[in-house]
Amino acid sequence: MAAKQPPPLMKKHSQTDLVSRLKTRKILGVGGEDDDGEVHRSKISQVLGNEIKFAVREPLGLRVWQFVSAVLFSGIAIMALAFPDQLYDAVFDGAQVTSKTPIRLYGGALLSISLIMWNALYTAEKVIIRWTLLTEACYFSVQFLVVTATLAETGLASQGILLLLASRLLFVAISVYYYYQVGRKPKKV
């Protein structure tokens with residue numbers, strides 16, 4: 001009895017079997033759109049993601065503002081810790097300091113915030129940058145409200161206090177602007 005020989009193997013060409021390729025890609029989850037509307041060309045790019053999607057498109061001047069903020073917070077913190085009388089005198093024009101402890105505590109808090117600002121300067125993570133900008137905006141807003149309340153209580157309106165209030169409003173506006181700019185969704189390229 002003669003053994004039956006198997007039929008010759010037929011090679012499939014990918015150009016001729018498009019339906020098979022489509023089914024394979026669908027099973028692998030490749031080629032379709034994800035939630036963000038991106039089309040992945042391979043499973044690897046789908047798993048790893050597209051790094052353009054995660055890169056922060058920084059608004060013009062953001063890093064300069066972060067640097068200025070870090071220097072500002074550090075400088076005022078050191079001045080409040082080392083020279084509390086002079087800092088109080090510069091803001092409130094000759095009003096007598098009753099205790100240096102609250103001013104030094106203020107300096108310690110500012111020094112802590114400045115460390116966060118310095119670390120945020122070197123990160124590329126969008127969430128961290130936004131949180132530090134929000135922290136700045138909240139700090140400057142609270143400082144504006146506290147100084148305004150003190151001004152209303154004491155009635156001492158000096159040029160230093162008015163300059164401080166105007167600068168705090170400007171700093172709030174800049175921080176909020178960058179906060180929203182960093183949070184914007186990037187445009188599709």
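Think of each number as a place in line: the chain as shown, counted from 1.
Cβ atoms here come from the backbone N, Cα and C positions, even for glycine.
As given in Swiss-Prot:
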MOD_RES   Ser14  phosphoserine
TOPO_DOM  1-63  topological domain 'Cytoplasmic'
TOPO_DOM  85-108  topological domain 'Extracellular'
TOPO_DOM  152-159  topological domain 'Extracellular'
TOPO_DOM  181-189  topological domain 'Cytoplasmic'
TRANSMEM  64-84  transmembrane segment
TRANSMEM  109-129  transmembrane segment
TRANSMEM  131-151  transmembrane segment
TRANSMEM  160-180  transmembrane segment
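Packing against the transmembrane segment (109-129) from elsewhere in the chain are residues 55-56, 62-63, 66-67, 69-70, 73-74, 76-78, 80-81, 135-136, 139, 182-183: each is 6 or more residues past its ends and has a CB under 8 Å from a CB in it. Beyond the ends of the topological domain 'Extracellular' (85-108), by six or more residues, the same chain brings 76-79, 147, 154, 156, 158-161, 164 to within a C-beta distance below 8 angstroms of the stretch. In the predicted model, residues of the topological domain 'Extracellular' (152-159) average a pLDDT of 81.
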